[in-house]
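Asker: Take this structure first; my questions come after.
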Amino acid sequence: MRLSVSVLLVASLLGLLLLPSTEAKKQNKGRGMKGARHKLSRVRGAGRHSRSDTSRIVAPNCAESTESGDVFIDCQERHLNTIPSAQAWSKQPKHLLLARNRIKVLRNRIFTGYEGLTSLDLQQNEISLVEEGAFQGLTQLTTLLLQHNRLSTLSEETIIPMPNLGYMRLYDNPWNCQCAMDSLVRTLQVPSNRNLGNHARCEEPIWLKGKKLKQLEAEQLCKELPPNDQGVRPSTSPQEPIPIRTKPESNAVCHTYLFPQVRMDCRNKGLTEVPAGIPDDVVQLDLSNNAIRHLKAKEFQSAKNLKVLNLSNNNMEHLDTDSLTGLLQLRELDLSNNLLQFVQYGVLEDLYFLSQLKLGGNPWVCDYSIHYMVYWLRLHPGVRYSGLLCRSPPEYTGEKVEEYINNYNRGCPKERPYNRPSADQTDPELWNTPQELQAELEEELEPSHLRVPQKYEIFRLS
Ligand SMILES: *[C@@H]1O[C@H](CO)[C@@H](O)[C@H](O)[C@H]1NC(C)=O
């Protein structure tokens with residue numbers, strides 16, 4: 001159920017038009033070949049009784065599963081160098097996942113028998129050639145993923161057999177933006193094709209390197225260069241200069257998977273900051289094992305559907321107050337194994353639905369600055385959290401942060417050998433009871449534009 005909701009969500013977010021099943025059946029009747037194939041698969045499948053919704057392994061070692069009536073074939077990362085035969089499956093698949101294999105060429109009619117596909121994921125292969133008739137028969141295909149391959153050219157004829165194609169990824173291929181690409185580029189630029197070929201950029205010729213296919217002047221591609229032009233256009237060329245990119249683009253550095261939900265994998269990319277342009281349909285974002293030091297304000301603001309955010313194993317020292325703004329759907333946040341000493345006042349305020357927070361492996365400092373997080377956690381008892389241990393000052397090393405807070409509230413903080421002077425921290429002498437603090441926090445948490453901590457003069461009766 002959860003899965004079907006997310007599949008629907010993905011589909012609607014992508015603006016895909018999935019045919020209702022009766023409609024699809026009607027269409028199938030009209031096609032003799034397909035009808036025959038349906039019968040065939042029914043006969044072949046007749047002896048099998050395991051039609052449950054659980055995955056099982058079938059030749060060639062791929063997982064076949066059914067989710068809300070749609071058949072998925074998952075052949076990701078199976079060392080395949082060709083498309084497996086459609087005869088291998090007990091039912092006609094709707095979704096074929098072939099990411100991270102070693103496919104190099106797509107020959108004509110290679111998808112014969114796969115006419116029921118609505119999505120085809122071929123990302124992260126080694127495809128350098130797609131023959132013009134490769135996608136013949138995929139009349140129901142709406143989603144085609146070809147990013148992270150080795151394509152330098154693709155003709156428009158290749159995509160003509162797929163009249164329902166609404167979403168095609170082509171980025172991170174070394175596109176050679178010359179005459180052979182003219183008709184494809186024109187097709188991508190038709191305004192109604194707004195989800196075809198976004199983010200794809202030219203690798204060659206040199207004067208177009210970095211330019212988006214969507215933004216090329218198609219008329220220029222088939223123009224002869226003047227004979228004195230030795231491959232490099234003069235600097236007076238009308239082409240815009242290549243923009244200097246200060247931030248890496250998430251689409252260029254990360255891998256995106258669409259099924260069963262939109263997941264972006266940015267692990268181990270040497271990132272020193274959050275990449276730009278995280279698409280707003282991403283549900284899981286994994287930024288673990290990078291070198292991010294600082295979360296800046298509003299970096300995730302567009303990622304309104306994000307439910308899982310993994311920032312573990314970075315070098316994070318600081319989270320700006322507005323860095324998690326907009327993450328209203330976030331369920332899981334992993335901040336473990338960073339360099340965090342405290343969490344800035346206000347950082348957690350948008351995380352209404354957070355249920356899991358991982359905090360281990362950070363050098364949390366048990367002084368006033370940590371109180372915000374502990375009281376936020378108390379105000380949000382539904383959040384399961386782990387790893388909140390004091391690393392310093394020495395008298396609290398290894399203790400639970402909650403223990404330190406309790407000590408504090410009992411008015412008997414341990415001997416402090418030194419005072420951490422800090423301009424933006426309230427004088428610890430003004431500390432108050434949990435009830436007062438809770439009231440104070442609730443008051444402060446109310447209007448977001450008034451999130452600056454106030455100094456209250458509260459006298460403790462002792
Ligand atoms: C985050 O990533 C780390 C390392 O890649 C992994 O061990 C951890 O389980 C992930 N956390 C979540 C919440 O998925």
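Backbone N, Cα and C atoms are what each Cβ position is placed from, and that goes for glycine too.
Automatic, uncurated: that is what TrEMBL annotation is.
Okay, so TrEMBL annotates it like this:
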type     : residues : note
COMPBIAS : 27-49    : compositional bias 'Basic residues'
DOMAIN   : 173-223  : domain 'LRRCT'
DOMAIN   : 362-413  : domain 'LRRCT'
REGION   : 27-55    : region 'Disordered'
REGION   : 225-246  : region 'Disordered'
SIGNAL   : 1-24     : signal peptide
Asker: Using DSSP, break the domain 'LRRCT' (362-413) down into helix, strand and coil residues and give each count.
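Answerer: Helix (H, G, I), strand (E, B), coil: 24 helix, 7 strand, 21 coil.
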Asker: Averaged over the whole of the domain 'LRRCT' (173-223), what is the pLDDT?
Answerer: 90
Asker: Under the DSSP assignment, what numbers of helix, strand and coil residues are found in the domain 'LRRCT' (173-223)?
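Answerer: Counts, helix then strand then coil: 20 helix, 8 strand, 23 coil.
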